[in-house]
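**Student:** One structure, as structure tokens, below. Some questions next.
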Amino acid sequence: MSQFEPDDTTPLLRNDASSEEDHQGEDYGSRWRSIRVMYFTMFLSSVGFTIVITSLWPYLQKIDDSADASFLGWVVAAYSLGQMVASPIFGWWSNYRPSKEPLVCSIFINLSANIYYAYASLPTSHNKIHVLVSRVFVGFGAGNVAVARSYVAGATSLHERTNAMANMSACQALGFILGPALQACLSFIGERGVTVEVFKLQLNMYTSPALLATVFGIINILLVLTVLKQHRVDDHGKQARAINYISEDTADVEEVQESIDHVAVLTSNVLFFLIMFIFAVFETIATPLSMDMFAWTRKEAVLYNGIILCCIGFESIAVFLVVKVSALRFGDRPVLLAGLVLIFCGYFIMLPWGNHYPLIQWADIKNGSLAAEMSGVTLAPNSSVEPVGCPYQQTWCQYIPAIHLAQYITAGVIIGMGYPGCNVMSYTLYSKILGPKPQGVYMGWLTASGSGARTLGPVFVSNVYTILGPRWAFGLLCGMVFGGFLLLVAAYKRLIAFSVRHGRIVA
């Protein structure tokens, strides 16, 4: 069949046929039902991160006056720090035991931590620390991403792999869409909301998203317990022996003698770290940047950024469909290169230009006080008027030009085009490089690499942005993306599938 003709691999969640034998019996249907449970798990992992990301900063400001932008970086990074620690553990666990065990354990930790987050405002002191700890455990539970990736890599043939991984990324993007969208919808509950006296719970625009994520987690556990079965196939799609799985068509896994290309493995981890780092920066900086540059209030920042990120998420779904077709047409590596180029362009556009400067927050307060004095009105010390604009403590606000709204949105759209291709191609290539061996531990390290990026990215951007401003922050990011591009070009010939490298399959 010509590669230009339509096939069954393009639609988002349609099953890919690997062999005639696989279609016979119930193995094929059970295998793909189980893979879809992993899709849902990836979706919930993404929702767990993004459903509170736009409200995290105003939530911290509301419950703890001592929280600043630098601490926000640590809170955002806490999720990824927990995931970085947990991913190799859950990956190793899934190599030796059925995937149900680490999945149920991790999801339970995740939903418990979301409940803890909802109660972070209840203590009389150190509220920001409670938010920080809760996000660490939400991230620890999200370490099951390594289990999901390892399972799908082992349950798909080489032909199916790119499409299955693209589907997983599409489900992540769907979570990326619905997270901010749900937060934007729940923002209409307001900051005060209602108090559920029985549980001593303040149900408002900040706590309700975490509680909704808890409900999703319960659904996920039920699906894992009732639908998920253990499956494993070789590169040609033939059913192989897996833990806790017995079938007449099951064959022993062929003992792999050839070695893995560890240079390619290391390169893939570095590239994945870079890709996750630069996108974590965008997620983290969106709310503080928009409040500083566009003088949005906390509620406006949550709502408008939720809408913007939601639109970027829908864009990502379309990009994933294009990526699947493009990878078949041009190959995985060119798509990855193109994605890096787009991300570079997006951050370059984000650099401040012109002679328009942001509104300074202290000037706004002084003018308000002066106007109040002239009108004979005295502002109460606990006035509910919220100051807006760029805080005077950030001295760069006075000499760095403002980023325009059109500039911000355009950069977001371009980064939203480049990131999906980079994301799916980086770990699709990684799973192909590893070959037929169990990939739980290796996928755990890849997830840990991405989590390390999500840990360092928010801390990096919060501090560089607060101290030096957006020009330095986005300029350094452009340099990082360019370095990743050069690394990919240098290792280009080594980033090939295990079976292709050892001559089992002709590329």
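Glycine is treated like the rest: Cβ placed from N, Cα and C.
Owing to the predicted nature of the structure, the values given are computational and were not obtained by experimental measurement.
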**Student:** From 385-403, 442-460, which range did TrEMBL mark with transmembrane segment?
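**Tutor:** Transmembrane segment, as annotated by TrEMBL, spans 442-460.
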**Student:** Which listed range (103-120, 132-152, 335-354, 408-430) shows the maximal number of Cβ pairs under 8 Å with respect to the transmembrane segment (442-460)?
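**Tutor:** When the Cβ pairs under 8 Å are tallied, 132-152 comes out ahead.
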**Student:** For the transmembrane segment (71-91), give me same-chain residues lying six or more residues beyond its boundaries with a C-beta closer than 8 angstroms to one of its C-beta atoms, as numbers and ranges.
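**Tutor:** Here the qualifying positions are 49, 53, 56-57, 60, 102, 105-106, 128, 131-133, 135-147, 150, 280, 283-284, 288, 440-445, 447-448, 450-463.
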